[in-house]
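K.L.:
After the structure tokens below, expect a handful of questions from me.
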Amino acid sequence: MRTPFIVGNWKMNLTLSEVNDFLKQLTDKLPDIKKVECAIAASPIFLESLTNYCKNSPLKASAENCFYKDKGAYTGEVSPYALSDMGVDYVMLGHSERRKYFNESNKSINKKVKAVLNNHMIPIICCDETMTKQKHDDHMDWVVNPVSEALKGVSVSDAKKIVIGYEPSWAIGTGKSASVNETQEACCLIRKTIDELYNDDVANQVRILYGGSVNDKNAQELMQQKDVDGVLAGTASLKPKEFLKIINYIK
Ligand code: PEP
């Protein structure tokens, strides 16, 4: 049984006082972690506040990115070792905005996936069809490459823990989410890819999320699909009331 997982991605938004105010509004309103797991991905400057809050809450803390080296002369980068030491649980990797604006490649994402796992955190690997469009004409083939590249050299026991986000870039921040059928088809294809790379035990344990214009109206139907284990919400995670409605979808 895969526990549903809902992740808010704050991106480069909010100030420290807004973060603290947001977290205060979640107190005592989060779902039972045995039924629904929730996390927020925040900028490194807010992670100390977030991890401190998470110590007394079922909420999990996620970074939005990190580097693949633990320490050294890499000015401006974020160490996975330091994130883990701070109590961060998850690290989002390969978000389409990172690929688009910061030239993230499947190769560097693979190094980051291993660095995150080596530091006892769980990667949330984002992918979508635009990442291999040039190489794969058959649309059923599109997502195989970013998933298999990201997982190169990752052991079976580590692969079971990972989370994959299907995040069509055309749906991110546009207000136009993928349809329920498109989402199920994509998440099913991702699960099949994991099965082929590893085995059905791993494929059945990996959680696959949908992200792209999720809101409190469409989240529940998307999450009801067989291969969709939860959602990633960007814009909707910036308003505590809307985020609370999404995470408390089980009455
Ligand atoms: C995201 O960027 O991860 C995302 C899902 O954004 P939005 O919900 O705003 O489309």
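Yeah, the Cβs are placed from backbone N, Cα and C, and that goes for glycine too.
Feature table excerpt (TrEMBL):
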ACT_SITE  His95  active site, electrophile
ACT_SITE  Glu167  active site, proton acceptor
BINDING   Asn9, Trp10, Lys11, Gly173, Ser213  substrate binding site
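Could you place the listed features in the three-dimensional structure?
P.N.:
Annotation note: His95 (active site, electrophile) sits in a coil segment as assigned by DSSP. His95 (active site, electrophile) counts 29 other C-beta atoms within 10 Å of its own C-beta, drawing on all protein chains shown.
All protein chains shown were included, and the count of other CB atoms within 10 Å of the CB of Glu167 (active site, proton acceptor) stands at 25.
According to DSSP, Trp10 (substrate binding site) is assigned to coil rather than to any helix or strand.
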K.L.:
Restricting the comparison to the binding-site residues Trp10, Lys11, Gly173, Ser213, which residue's C-alpha is spatially nearest the C-alpha of His95 (active site, electrophile)?
P.N.:
Lys11
